[in-house]
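Worksheet: one structure, shown below.
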Amino acid sequence: MTRSPSTPGRNHAEHEGEARAGADGERRRSFIVVGAGTAGCIVARRLVEAGHRVTVFEAGAYDENPAIHQVSRLGELWHSPEDWDYRTVPQAHSDGRVIHWPRGRVMGGSHALNAAIWVRGAAADYDGWADDGCPGWSWADVQPWFEALEDYTPAPGETPAQTRGHGGPIPVRQDYRLNPIFASIIEAAGQVGVAYNPDYNAGDQEGISQQQINVRDDRRFNTWMAFLKPVVDNPLLTVITGAVIQRLVLEGNTVVGVEYAPLDDPDREGREERAEEVILCAGALDSPKILLRSGIGPAHHLEELGLPVLADLPVGENLHDHLLAPVIAETTTREIEHPGTDWSVTQTHLFWRSDPELPLPDTQPIHFSVPMYDDGMDGPASAFTLHAGLVRPYSRGTLRLTGPRVSDPAEMDPEIFSDPRDLAALIASLRQARAMVAAPALAGDWGAVEVYPGAEVADQAAEEAYVKRWVTTYHHQVGTCRMGTGPDAVVSPEDLRVHGLDGLRVIDASVMPTVPTGNTNAPTAMIASKGVGAVLGEPRPFVAVPSTGDMYGDTHEG
Ligand SMILES: Cc1cc2nc3c(=O)[nH]c(=O)nc-3n(C[C@H](O)[C@H](O)[C@H](O)COP(=O)(O)OP(=O)(O)OC[C@H]3O[C@@H](n4cnc5c(N)ncnc54)[C@H](O)[C@@H]3O)c2cc1C
(Lines of atoms letter the chains of each structure in order from A and count residues from 1; the text may use other names and numbers.)
(Lines give C-alpha, C1' and ligand atoms only; values in the text may rest on other atoms or scores of the structure.)
Protein backbone atom coordinates (compact mmCIF):
# COMPACT_ATOMS: atom_id res chain seq x y z
CA MET A 1 0.00 0.00 0.00
CA THR A 2 1.34 3.42 -0.89
CA ARG A 3 1.74 5.99 1.80
CA SER A 4 0.11 9.37 1.22
CA PRO A 5 -0.02 12.47 3.46
CA SER A 6 -3.63 11.86 4.46
CA THR A 7 -3.50 8.08 4.68
CA PRO A 8 -1.28 6.39 7.19
CA GLY A 9 1.04 3.93 5.37
CA ARG A 10 1.12 0.21 6.08
CA ASN A 11 4.16 -1.91 5.28
CA HIS A 12 1.83 -4.62 3.95
CA ALA A 13 -1.78 -5.68 3.89
CA GLU A 14 -3.54 -6.77 7.06
CA HIS A 15 -2.81 -10.29 8.10
CA GLU A 16 -5.32 -13.02 7.53
CA GLY A 17 -5.87 -16.20 9.38
CA GLU A 18 -6.75 -17.72 12.72
CA ALA A 19 -4.58 -17.46 15.77
CA ARG A 20 -2.07 -20.28 15.64
CA ALA A 21 0.56 -21.49 18.04
CA GLY A 22 3.69 -19.34 18.27
CA ALA A 23 7.19 -20.74 17.78
CA ASP A 24 7.37 -21.99 21.38
CA GLY A 25 3.95 -23.60 21.34
CA GLU A 26 2.42 -20.70 23.28
CA ARG A 27 -0.88 -19.37 21.93
CA ARG A 28 -0.29 -16.60 19.42
CA ARG A 29 -1.37 -13.27 20.89
CA SER A 30 -2.01 -9.92 19.21
CA PHE A 31 -0.28 -6.73 20.32
CA ILE A 32 -0.36 -3.07 19.39
CA VAL A 33 2.92 -1.24 19.96
CA VAL A 34 2.58 2.57 19.96
CA GLY A 35 5.78 4.33 18.86
CA ALA A 36 8.78 2.95 16.96
CA GLY A 37 11.47 4.70 18.97
CA THR A 38 14.30 3.37 21.09
CA ALA A 39 11.98 1.16 23.14
CA GLY A 40 9.22 0.34 20.64
CA CYS A 41 11.57 -1.20 18.08
CA ILE A 42 13.01 -3.59 20.66
CA VAL A 43 9.60 -4.51 22.09
CA ALA A 44 8.03 -5.16 18.67
CA ARG A 45 10.96 -7.23 17.39
CA ARG A 46 10.94 -9.54 20.42
CA LEU A 47 7.17 -10.06 20.23
CA VAL A 48 7.32 -10.92 16.52
CA GLU A 49 10.27 -13.21 17.09
CA ALA A 50 8.28 -15.02 19.78
CA GLY A 51 5.55 -15.73 17.22
CA HIS A 52 3.03 -13.06 18.15
CA ARG A 53 1.09 -10.77 15.83
CA VAL A 54 2.19 -7.15 16.19
CA THR A 55 0.91 -3.87 14.78
CA VAL A 56 3.30 -0.96 15.25
CA PHE A 57 1.92 2.59 14.99
CA GLU A 58 4.41 5.38 14.39
CA ALA A 59 3.43 9.02 13.90
CA GLY A 60 6.53 9.74 11.81
CA ALA A 61 7.76 8.29 8.52
CA TYR A 62 10.69 6.11 7.47
CA ASP A 63 14.19 7.47 8.06
CA GLU A 64 14.85 8.91 4.60
CA ASN A 65 16.39 12.19 5.76
CA PRO A 66 20.16 11.72 5.13
CA ALA A 67 21.02 13.88 8.15
CA ILE A 68 19.75 11.08 10.41
CA HIS A 69 22.51 8.78 9.28
CA GLN A 70 25.47 11.05 10.05
CA VAL A 71 25.58 11.78 13.75
CA SER A 72 27.55 14.99 13.10
CA ARG A 73 24.46 16.41 11.31
CA LEU A 74 22.03 16.00 14.20
CA GLY A 75 21.52 19.78 14.51
CA GLU A 76 19.88 19.75 11.05
CA LEU A 77 17.10 17.56 12.43
CA TRP A 78 15.88 20.14 14.93
CA HIS A 79 12.62 21.76 13.74
CA SER A 80 12.55 19.28 10.81
CA PRO A 81 9.57 17.00 10.02
CA GLU A 82 11.34 14.35 12.11
CA ASP A 83 11.17 16.56 15.23
CA TRP A 84 8.03 16.93 17.38
CA ASP A 85 9.53 20.36 18.14
CA TYR A 86 8.14 20.74 21.65
CA ARG A 87 8.58 23.73 24.00
CA THR A 88 8.45 23.94 27.78
CA VAL A 89 6.23 26.50 29.45
CA PRO A 90 8.12 29.63 30.66
CA GLN A 91 10.30 28.52 33.56
CA ALA A 92 9.32 30.35 36.75
CA HIS A 93 12.69 29.83 38.47
CA SER A 94 14.78 30.43 35.38
CA ASP A 95 14.12 33.89 34.02
CA GLY A 96 10.90 32.82 32.27
CA ARG A 97 13.01 30.81 29.85
CA VAL A 98 11.19 28.67 27.26
CA ILE A 99 13.26 25.66 26.22
CA HIS A 100 13.05 23.79 22.92
CA TRP A 101 12.64 20.06 23.50
CA PRO A 102 13.33 18.19 20.24
CA ARG A 103 11.92 14.61 20.16
CA GLY A 104 12.18 12.07 17.37
CA ARG A 105 9.14 11.57 15.12
CA VAL A 106 10.40 8.95 12.71
CA MET A 107 11.23 5.24 12.67
CA GLY A 108 13.91 5.05 15.38
CA GLY A 109 12.29 7.82 17.42
CA SER A 110 14.69 9.96 19.42
CA HIS A 111 17.46 7.43 18.74
CA ALA A 112 17.32 8.77 15.15
CA LEU A 113 17.89 12.34 16.37
CA ASN A 114 20.22 11.89 19.30
CA ALA A 115 23.99 12.09 19.70
CA ALA A 116 24.16 8.27 19.90
CA ILE A 117 26.12 8.32 23.17
CA TRP A 118 25.82 5.07 25.14
CA VAL A 119 25.80 5.47 28.94
CA ARG A 120 24.46 2.79 31.27
CA GLY A 121 24.29 5.01 34.38
CA ALA A 122 25.63 4.35 37.88
CA ALA A 123 25.02 1.08 39.74
CA ALA A 124 23.63 3.19 42.61
CA ASP A 125 20.89 4.58 40.32
CA TYR A 126 19.35 1.16 39.84
CA ASP A 127 19.94 0.06 43.44
CA GLY A 128 18.04 3.25 44.31
CA TRP A 129 15.14 2.20 42.07
CA ALA A 130 15.02 -1.21 43.76
CA ASP A 131 15.11 0.33 47.26
CA ASP A 132 12.38 2.81 46.31
CA GLY A 133 9.60 0.41 45.37
CA CYS A 134 10.96 -1.27 42.24
CA PRO A 135 12.18 -4.73 43.25
CA GLY A 136 13.82 -6.51 40.32
CA TRP A 137 15.52 -3.36 39.00
CA SER A 138 18.73 -3.30 41.09
CA TRP A 139 22.09 -3.06 39.32
CA ALA A 140 22.57 -6.82 39.69
CA ASP A 141 19.18 -7.29 37.99
CA VAL A 142 19.68 -4.85 35.08
CA GLN A 143 23.39 -5.32 34.33
CA PRO A 144 22.94 -8.56 32.31
CA TRP A 145 20.30 -6.84 30.14
CA PHE A 146 22.71 -4.02 29.30
CA GLU A 147 25.40 -6.56 28.53
CA ALA A 148 23.15 -8.55 26.16
CA LEU A 149 22.36 -5.42 24.12
CA GLU A 150 25.96 -4.39 23.51
CA ASP A 151 28.61 -5.08 20.93
CA TYR A 152 31.37 -3.09 22.60
CA THR A 153 34.65 -2.15 20.93
CA PRO A 154 37.01 -0.39 23.35
CA ALA A 155 39.61 2.24 22.48
CA PRO A 156 42.70 0.72 20.83
CA GLY A 157 44.96 -0.95 23.40
CA GLU A 158 42.25 -1.13 26.10
CA THR A 159 40.94 -4.43 27.49
CA PRO A 160 37.18 -4.34 28.09
CA ALA A 161 35.85 -5.14 31.55
CA GLN A 162 34.20 -8.53 31.95
CA THR A 163 30.80 -6.91 32.37
CA ARG A 164 30.83 -5.37 28.88
CA GLY A 165 28.79 -7.05 26.15
CA HIS A 166 30.08 -8.44 22.87
CA GLY A 167 28.13 -9.70 19.87
CA GLY A 168 24.88 -7.95 20.83
CA PRO A 169 22.73 -6.05 18.33
CA ILE A 170 23.80 -2.49 19.27
CA PRO A 171 27.30 -1.35 18.30
CA VAL A 172 29.00 0.58 21.11
CA ARG A 173 32.20 1.99 19.64
CA GLN A 174 35.10 3.71 21.34
CA ASP A 175 37.76 2.92 18.75
CA TYR A 176 37.31 6.02 16.58
CA ARG A 177 39.75 8.82 15.94
CA LEU A 178 39.57 11.81 18.26
CA ASN A 179 39.39 15.25 16.72
CA PRO A 180 42.56 17.02 18.09
CA ILE A 181 40.47 19.55 20.04
CA PHE A 182 39.08 16.67 22.13
CA ALA A 183 42.58 15.33 22.90
CA SER A 184 43.36 18.79 24.28
CA ILE A 185 40.08 18.88 26.23
CA ILE A 186 41.09 15.59 27.90
CA GLU A 187 44.49 17.11 28.73
CA ALA A 188 42.85 20.28 30.11
CA ALA A 189 40.63 18.15 32.34
CA GLY A 190 43.76 16.49 33.74
CA GLN A 191 45.19 19.94 34.41
CA VAL A 192 42.19 20.84 36.60
CA GLY A 193 42.32 17.52 38.45
CA VAL A 194 39.99 15.25 36.44
CA ALA A 195 41.68 11.96 35.55
CA TYR A 196 41.14 9.98 32.31
CA ASN A 197 38.71 7.07 32.63
CA PRO A 198 39.04 4.52 29.80
CA ASP A 199 35.49 3.09 30.29
CA TYR A 200 32.77 4.95 32.18
CA ASN A 201 30.42 1.99 31.60
CA ALA A 202 32.61 -0.51 33.48
CA GLY A 203 31.44 0.34 37.00
CA ASP A 204 33.16 3.62 37.92
CA GLN A 205 31.90 6.64 35.98
CA GLU A 206 34.20 9.27 37.47
CA GLY A 207 36.72 11.05 35.21
CA ILE A 208 36.91 12.29 31.63
CA SER A 209 36.29 9.79 28.82
CA GLN A 210 35.94 9.40 25.12
CA GLN A 211 32.25 8.80 24.43
CA GLN A 212 31.01 5.34 23.41
CA ILE A 213 28.64 5.70 20.48
CA ASN A 214 26.14 3.68 18.43
CA VAL A 215 27.76 3.84 15.02
CA ARG A 216 28.42 1.17 12.42
CA ASP A 217 30.38 1.75 9.21
CA ASP A 218 30.69 5.42 10.25
CA ARG A 219 26.89 5.82 10.36
CA ARG A 220 24.24 6.00 13.08
CA PHE A 221 22.95 2.58 14.11
CA ASN A 222 19.79 2.77 16.22
CA THR A 223 17.27 0.28 17.55
CA TRP A 224 15.14 0.56 14.39
CA MET A 225 18.13 -0.60 12.33
CA ALA A 226 19.27 -3.18 14.88
CA PHE A 227 15.91 -4.70 15.83
CA LEU A 228 12.84 -3.89 13.77
CA LYS A 229 14.07 -3.18 10.27
CA PRO A 230 15.57 -6.68 9.85
CA VAL A 231 12.09 -8.23 10.41
CA VAL A 232 9.92 -5.61 8.71
CA ASP A 233 8.81 -8.10 6.05
CA ASN A 234 7.76 -10.70 8.61
CA PRO A 235 4.07 -11.47 7.92
CA LEU A 236 3.33 -11.28 11.65
CA LEU A 237 4.32 -7.60 11.68
CA THR A 238 2.33 -4.62 10.42
CA VAL A 239 3.93 -1.19 10.56
CA ILE A 240 1.63 1.80 10.16
CA THR A 241 3.51 5.08 9.69
CA GLY A 242 2.14 8.62 9.65
CA ALA A 243 -0.50 7.58 12.19
CA VAL A 244 -1.08 9.35 15.50
CA ILE A 245 -2.70 7.46 18.32
CA GLN A 246 -5.43 9.66 19.69
CA ARG A 247 -6.56 7.54 22.60
CA LEU A 248 -7.05 4.02 23.92
CA VAL A 249 -10.26 2.05 23.50
CA LEU A 250 -11.48 0.57 26.76
CA GLU A 251 -14.20 -1.90 27.67
CA GLY A 252 -14.64 -1.56 31.42
CA ASN A 253 -11.15 -1.82 32.90
CA THR A 254 -9.69 -3.56 29.88
CA VAL A 255 -7.88 -1.83 27.04
CA VAL A 256 -8.95 -3.47 23.80
CA GLY A 257 -7.38 -1.21 21.17
CA VAL A 258 -6.53 2.28 19.96
CA GLU A 259 -8.03 5.05 17.86
CA TYR A 260 -5.73 6.64 15.31
CA ALA A 261 -5.71 9.38 12.67
CA PRO A 262 -3.26 10.72 10.08
CA LEU A 263 -0.50 12.96 11.43
CA ASP A 264 -1.63 15.86 9.22
CA ASP A 265 -5.27 15.65 10.42
CA PRO A 266 -4.86 14.32 13.94
CA ASP A 267 -8.24 15.42 15.34
CA ARG A 268 -10.25 13.75 12.58
CA GLU A 269 -12.62 11.01 13.76
CA GLY A 270 -10.25 8.15 14.54
CA ARG A 271 -10.11 4.68 13.03
CA GLU A 272 -10.08 1.82 15.46
CA GLU A 273 -7.57 -1.02 15.67
CA ARG A 274 -8.00 -3.80 18.21
CA ALA A 275 -5.59 -6.21 19.87
CA GLU A 276 -5.38 -8.31 23.02
CA GLU A 277 -2.81 -5.95 24.48
CA VAL A 278 -1.57 -2.40 23.89
CA ILE A 279 2.00 -1.40 24.79
CA LEU A 280 2.73 2.32 24.91
CA CYS A 281 6.30 3.12 23.77
CA ALA A 282 5.61 6.74 22.78
CA GLY A 283 8.26 8.20 25.10
CA ALA A 284 8.27 10.33 28.24
CA LEU A 285 6.36 13.21 26.62
CA ASP A 286 3.78 11.29 24.56
CA SER A 287 2.88 8.12 26.46
CA PRO A 288 1.43 10.28 29.27
CA LYS A 289 -0.54 12.37 26.76
CA ILE A 290 -2.16 9.26 25.27
CA LEU A 291 -3.09 8.05 28.75
CA LEU A 292 -4.52 11.44 29.77
CA ARG A 293 -6.57 11.76 26.56
CA SER A 294 -7.97 8.30 27.37
CA GLY A 295 -9.15 9.30 30.85
CA ILE A 296 -6.20 7.75 32.72
CA GLY A 297 -4.51 10.30 34.97
CA PRO A 298 -5.01 12.55 38.00
CA ALA A 299 -8.78 12.80 38.57
CA HIS A 300 -8.73 16.56 39.27
CA HIS A 301 -6.87 17.27 36.02
CA LEU A 302 -9.12 15.05 33.90
CA GLU A 303 -12.21 16.69 35.44
CA GLU A 304 -10.80 20.14 34.58
CA LEU A 305 -10.56 18.97 30.97
CA GLY A 306 -14.04 17.49 30.98
CA LEU A 307 -12.68 14.00 30.43
CA PRO A 308 -14.15 10.91 32.12
CA VAL A 309 -11.95 9.53 34.90
CA LEU A 310 -11.37 5.88 33.99
CA ALA A 311 -8.38 5.47 36.30
CA ASP A 312 -7.10 8.00 38.85
CA LEU A 313 -3.32 7.68 38.47
CA PRO A 314 -0.42 10.18 38.76
CA VAL A 315 0.24 10.29 34.99
CA GLY A 316 2.32 13.34 34.01
CA GLU A 317 3.75 13.87 37.51
CA ASN A 318 7.48 13.46 38.23
CA LEU A 319 8.63 15.06 34.96
CA HIS A 320 12.35 15.74 35.17
CA ASP A 321 15.32 16.30 32.91
CA HIS A 322 19.08 16.80 32.85
CA LEU A 323 20.37 20.34 32.27
CA LEU A 324 23.21 22.04 30.39
CA ALA A 325 24.72 25.54 30.45
CA PRO A 326 27.25 26.57 27.79
CA VAL A 327 30.85 27.73 28.15
CA ILE A 328 31.99 28.72 24.66
CA ALA A 329 35.59 29.57 23.78
CA GLU A 330 37.17 30.90 20.60
CA THR A 331 40.46 29.41 19.41
CA THR A 332 42.85 32.18 18.36
CA THR A 333 46.01 30.26 17.38
CA ARG A 334 44.66 27.01 15.78
CA GLU A 335 41.65 26.19 13.60
CA ILE A 336 39.35 23.45 14.85
CA GLU A 337 39.03 20.58 12.39
CA HIS A 338 35.76 20.65 10.47
CA PRO A 339 33.32 18.38 12.29
CA GLY A 340 31.90 16.94 9.07
CA THR A 341 34.90 14.66 8.86
CA ASP A 342 34.25 13.23 12.30
CA TRP A 343 31.64 10.83 13.52
CA SER A 344 30.24 13.40 15.84
CA VAL A 345 30.64 17.00 16.97
CA THR A 346 30.77 15.67 20.53
CA GLN A 347 33.40 13.10 21.48
CA THR A 348 34.17 13.55 25.20
CA HIS A 349 32.30 14.06 28.46
CA LEU A 350 33.22 13.78 32.10
CA PHE A 351 31.62 12.69 35.36
CA TRP A 352 32.44 14.81 38.41
CA ARG A 353 31.09 15.48 41.90
CA SER A 354 30.16 19.13 42.39
CA ASP A 355 30.74 18.55 46.11
CA PRO A 356 33.45 16.07 47.14
CA GLU A 357 31.19 14.88 49.97
CA LEU A 358 28.70 13.44 47.47
CA PRO A 359 28.72 9.65 47.09
CA LEU A 360 28.74 9.77 43.28
CA PRO A 361 29.05 12.26 40.39
CA ASP A 362 26.15 14.66 39.99
CA THR A 363 27.53 16.49 36.95
CA GLN A 364 28.31 15.26 33.43
CA PRO A 365 29.69 18.12 31.32
CA ILE A 366 29.66 17.37 27.60
CA HIS A 367 32.03 18.85 25.03
CA PHE A 368 31.50 19.96 21.41
CA SER A 369 33.99 20.87 18.68
CA VAL A 370 31.58 23.61 17.52
CA PRO A 371 30.19 26.71 19.22
CA MET A 372 26.70 25.92 20.50
CA TYR A 373 25.39 29.48 20.25
CA ASP A 374 21.80 29.66 21.42
CA ASP A 375 19.27 32.04 19.80
CA GLY A 376 20.43 35.50 20.88
CA MET A 377 24.09 34.51 21.18
CA ASP A 378 26.71 35.47 18.64
CA GLY A 379 30.44 34.85 18.19
CA PRO A 380 33.30 33.52 16.09
CA ALA A 381 33.02 30.29 14.06
CA SER A 382 36.26 28.69 15.22
CA ALA A 383 35.12 27.96 18.72
CA PHE A 384 34.27 24.98 20.92
CA THR A 385 31.77 24.38 23.73
CA LEU A 386 32.26 22.86 27.16
CA HIS A 387 28.69 22.46 28.34
CA ALA A 388 28.31 22.37 32.12
CA GLY A 389 25.92 19.48 32.88
CA LEU A 390 23.67 18.49 35.78
CA VAL A 391 22.67 14.81 35.88
CA ARG A 392 21.21 14.21 39.36
CA PRO A 393 18.47 16.85 39.50
CA TYR A 394 16.18 17.30 42.51
CA SER A 395 13.59 19.50 40.75
CA ARG A 396 10.41 17.79 39.58
CA GLY A 397 7.62 19.13 37.36
CA THR A 398 4.50 18.06 35.50
CA LEU A 399 3.05 17.40 32.06
CA ARG A 400 -0.59 18.45 31.69
CA LEU A 401 -3.02 18.68 28.77
CA THR A 402 -4.72 21.92 27.77
CA GLY A 403 -7.55 20.08 26.03
CA PRO A 404 -8.71 16.63 24.97
CA ARG A 405 -7.63 16.81 21.30
CA VAL A 406 -4.26 15.71 19.88
CA SER A 407 -3.71 19.25 18.58
CA ASP A 408 -4.19 20.84 22.03
CA PRO A 409 -0.65 21.62 23.17
CA ALA A 410 0.52 20.03 26.40
CA GLU A 411 1.90 22.18 29.20
CA MET A 412 5.30 20.71 29.90
CA ASP A 413 6.82 22.22 33.00
CA PRO A 414 10.02 20.62 34.36
CA GLU A 415 10.16 23.39 37.02
CA ILE A 416 13.86 23.87 36.42
CA PHE A 417 15.71 25.14 39.53
CA SER A 418 12.62 24.88 41.73
CA ASP A 419 15.08 23.04 43.99
CA PRO A 420 18.02 25.42 44.55
CA ARG A 421 20.50 22.54 44.88
CA ASP A 422 20.27 22.10 41.10
CA LEU A 423 21.40 25.66 40.40
CA ALA A 424 24.32 25.31 42.84
CA ALA A 425 25.54 22.08 41.18
CA LEU A 426 25.25 23.51 37.66
CA ILE A 427 27.21 26.61 38.67
CA ALA A 428 29.97 24.40 40.12
CA SER A 429 30.06 22.57 36.79
CA LEU A 430 30.17 25.89 34.91
CA ARG A 431 33.17 27.02 36.97
CA GLN A 432 34.96 23.78 36.24
CA ALA A 433 34.38 24.24 32.48
CA ARG A 434 35.71 27.81 32.67
CA ALA A 435 38.81 26.56 34.49
CA MET A 436 39.38 24.03 31.69
CA VAL A 437 39.25 26.78 29.06
CA ALA A 438 41.91 28.65 31.05
CA ALA A 439 44.13 25.55 31.46
CA PRO A 440 47.40 25.37 29.45
CA ALA A 441 46.18 22.65 27.07
CA LEU A 442 43.45 24.99 25.75
CA ALA A 443 44.43 28.60 26.63
CA GLY A 444 48.08 27.86 25.72
CA ASP A 445 48.01 25.35 22.86
CA TRP A 446 44.91 26.75 21.10
CA GLY A 447 44.89 30.35 22.34
CA ALA A 448 41.43 29.63 23.77
CA VAL A 449 39.58 32.74 24.91
CA GLU A 450 36.22 32.52 26.64
CA VAL A 451 33.37 34.08 24.63
CA TYR A 452 30.53 32.96 26.94
CA PRO A 453 29.86 33.53 29.81
CA GLY A 454 32.58 36.17 29.20
CA ALA A 455 34.74 38.29 31.47
CA GLU A 456 31.84 40.37 32.78
CA VAL A 457 30.34 37.29 34.45
CA ALA A 458 32.70 37.55 37.39
CA ASP A 459 30.80 36.81 40.59
CA GLN A 460 28.20 34.42 41.98
CA ALA A 461 25.24 36.70 41.22
CA ALA A 462 26.34 37.14 37.60
CA GLU A 463 26.90 33.38 37.22
CA GLU A 464 23.44 32.65 38.57
CA ALA A 465 21.89 35.16 36.19
CA TYR A 466 23.87 33.70 33.26
CA VAL A 467 22.87 30.11 34.02
CA LYS A 468 19.19 31.02 34.45
CA ARG A 469 19.27 32.93 31.15
CA TRP A 470 20.96 30.23 29.08
CA VAL A 471 20.18 26.91 30.76
CA THR A 472 19.04 24.31 28.28
CA THR A 473 18.05 20.67 28.08
CA TYR A 474 20.34 17.63 27.95
CA HIS A 475 17.34 15.96 26.18
CA HIS A 476 16.78 13.39 28.94
CA GLN A 477 13.14 13.87 30.00
CA VAL A 478 11.80 10.93 32.03
CA GLY A 479 9.50 9.89 34.81
CA THR A 480 5.94 10.79 33.71
CA CYS A 481 4.57 7.22 34.03
CA ARG A 482 6.64 6.27 37.00
CA MET A 483 7.10 2.61 37.88
CA GLY A 484 6.54 1.57 41.48
CA THR A 485 3.98 0.27 43.90
CA GLY A 486 2.99 3.35 45.90
CA PRO A 487 0.44 6.11 45.22
CA ASP A 488 3.04 7.99 43.12
CA ALA A 489 3.33 5.10 40.62
CA VAL A 490 1.59 4.48 37.28
CA VAL A 491 3.05 1.10 36.21
CA SER A 492 4.01 -2.05 38.05
CA PRO A 493 7.74 -2.79 38.40
CA GLU A 494 6.97 -6.48 37.94
CA ASP A 495 5.66 -6.36 34.37
CA LEU A 496 5.13 -2.66 33.49
CA ARG A 497 1.33 -3.08 33.43
CA VAL A 498 -0.63 0.08 34.18
CA HIS A 499 -2.02 -0.22 37.70
CA GLY A 500 -5.69 -1.13 37.85
CA LEU A 501 -6.15 -1.81 34.12
CA ASP A 502 -5.91 -4.92 31.98
CA GLY A 503 -4.40 -5.13 28.51
CA LEU A 504 -2.13 -2.09 28.87
CA ARG A 505 1.58 -1.58 29.58
CA VAL A 506 3.99 1.32 29.25
CA ILE A 507 7.56 0.43 28.22
CA ASP A 508 9.73 3.48 27.55
CA ALA A 509 11.69 6.29 29.24
CA SER A 510 8.55 7.53 31.02
CA VAL A 511 8.62 4.65 33.52
CA MET A 512 11.98 5.62 35.07
CA PRO A 513 11.29 6.61 38.69
CA THR A 514 14.43 8.78 38.73
CA VAL A 515 16.69 9.67 35.84
CA PRO A 516 19.97 7.73 35.87
CA THR A 517 23.36 9.45 36.13
CA GLY A 518 23.99 9.77 32.41
CA ASN A 519 22.25 9.84 29.05
CA THR A 520 18.95 8.00 28.88
CA ASN A 521 19.02 5.99 25.66
CA ALA A 522 20.85 2.90 26.95
CA PRO A 523 18.65 2.78 30.09
CA THR A 524 15.55 3.00 27.84
CA ALA A 525 16.84 0.15 25.65
CA MET A 526 17.51 -1.90 28.78
CA ILE A 527 13.97 -1.20 30.08
CA ALA A 528 12.56 -2.29 26.70
CA SER A 529 14.51 -5.55 26.68
CA LYS A 530 13.71 -6.40 30.27
CA GLY A 531 10.12 -5.17 29.92
CA VAL A 532 9.34 -7.28 26.86
CA GLY A 533 11.07 -10.14 28.66
CA ALA A 534 8.37 -9.77 31.32
CA VAL A 535 5.64 -9.78 28.64
CA LEU A 536 7.05 -13.01 27.23
CA GLY A 537 7.84 -14.60 30.60
CA GLU A 538 11.58 -14.58 29.88
CA PRO A 539 13.37 -13.75 33.10
CA ARG A 540 16.82 -13.67 31.50
CA PRO A 541 18.18 -11.73 28.53
CA PHE A 542 17.83 -13.45 25.19
CA VAL A 543 20.97 -14.45 23.32
CA ALA A 544 21.18 -11.58 20.89
CA VAL A 545 21.85 -12.14 17.22
CA PRO A 546 23.59 -9.17 15.59
CA SER A 547 21.94 -7.73 12.50
CA THR A 548 23.65 -8.39 9.22
CA GLY A 549 23.46 -6.80 5.82
CA ASP A 550 22.76 -3.24 4.72
CA MET A 551 20.35 -1.66 7.15
CA TYR A 552 20.51 1.76 5.54
CA GLY A 553 19.68 1.42 1.86
CA ASP A 554 16.02 0.89 1.05
CA THR A 555 13.07 1.74 3.21
CA HIS A 556 9.78 -0.07 3.45
CA GLU A 557 6.68 1.76 2.45
CA GLY A 558 4.65 -1.22 1.38
C1 LIG B 1 18.34 15.76 20.44
C2 LIG B 1 18.47 14.59 21.38
C3 LIG B 1 19.75 14.15 21.74
C4 LIG B 1 19.89 13.07 22.61
N5 LIG B 1 21.13 12.52 22.82
C6 LIG B 1 21.24 11.37 23.51
C7 LIG B 1 22.47 10.65 23.53
O8 LIG B 1 23.43 10.99 22.85
N9 LIG B 1 22.52 9.53 24.29
C10 LIG B 1 21.47 9.08 25.02
O11 LIG B 1 21.62 8.11 25.75
N12 LIG B 1 20.28 9.71 24.97
C13 LIG B 1 20.13 10.81 24.20
N14 LIG B 1 18.90 11.39 24.07
C15 LIG B 1 17.76 10.79 24.80
C16 LIG B 1 17.30 9.47 24.20
O17 LIG B 1 17.36 9.51 22.80
C18 LIG B 1 15.89 9.17 24.71
O19 LIG B 1 15.90 9.08 26.12
C20 LIG B 1 15.32 7.85 24.15
O21 LIG B 1 15.41 7.83 22.75
C22 LIG B 1 13.87 7.68 24.60
O23 LIG B 1 13.34 6.52 23.98
P24 LIG B 1 11.77 6.22 24.01
O25 LIG B 1 11.60 4.91 23.36
O26 LIG B 1 11.27 6.42 25.39
O27 LIG B 1 11.12 7.39 23.13
P28 LIG B 1 11.38 7.80 21.61
O29 LIG B 1 12.66 7.20 21.11
O30 LIG B 1 11.27 9.28 21.56
O31 LIG B 1 10.22 7.10 20.79
C32 LIG B 1 8.87 7.49 20.87
C33 LIG B 1 8.23 7.24 19.50
O34 LIG B 1 6.82 7.30 19.64
C35 LIG B 1 6.28 8.03 18.56
N36 LIG B 1 5.03 8.63 19.02
C37 LIG B 1 4.85 9.56 19.98
N38 LIG B 1 3.55 9.85 20.14
C39 LIG B 1 2.88 9.09 19.26
C40 LIG B 1 1.49 8.95 18.97
N41 LIG B 1 0.54 9.65 19.62
N42 LIG B 1 1.13 8.09 17.98
C43 LIG B 1 2.08 7.37 17.30
N44 LIG B 1 3.40 7.47 17.56
C45 LIG B 1 3.80 8.32 18.54
C46 LIG B 1 7.34 9.08 18.27
O47 LIG B 1 7.19 9.63 16.98
C48 LIG B 1 8.63 8.30 18.47
O49 LIG B 1 9.07 7.68 17.29
C50 LIG B 1 18.72 12.46 23.18
C51 LIG B 1 17.45 12.91 22.81
C52 LIG B 1 17.31 13.95 21.90
C53 LIG B 1 15.93 14.37 21.50
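From the backbone N, Cα and C atoms, a Cβ is placed for every residue, glycine too.
A strand conformation is recorded for V106 (FAD binding site) in the three-state DSSP classification. As annotated by TrEMBL, FAD binding site applies to V106.
Under the heading substrate binding site, TrEMBL lists Y474. The secondary structure of Y474 (substrate binding site), as reduced to three states from DSSP, is coil rather than helix or strand.
The annotation compositional bias 'Basic and acidic residues' is assigned in TrEMBL to 11-25.
Under the heading domain 'Glucose-methanol-choline oxidoreductase N-terminal', TrEMBL lists 283-297. Secondary structure of the domain 'Glucose-methanol-choline oxidoreductase N-terminal' (283-297) per DSSP, as helix, strand and coil residue counts: 7 helix, 2 strand, 6 coil.
Taken from TrEMBL, the feature region 'Disordered' applies to 1-25.
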Count of other CB atoms lying within 10 Å of the CB belonging to V106 (FAD binding site): 28
Around the Cβ of Y474 (substrate binding site), the count of other Cβ atoms that are within 10 Å: 20
Rounded to the nearest Å - Cα separation of V106 (FAD binding site) and Y474 (substrate binding site): 20
Folded-back contacts onto the domain 'Glucose-methanol-choline oxidoreductase N-terminal' (283-297), same chain, C-beta under 8 angstroms, at least six residues removed: 34-35, 37, 39, 84, 86, 101, 103, 109-110, 245-248, 250, 305, 307-316, 319, 399-401, 404-406, 410, 412, 477-481, 490, 498, 501, 506, 508-510, 512
Averaged pLDDT, computed only over the residues in the domain 'Glucose-methanol-choline oxidoreductase N-terminal' (283-297): 98
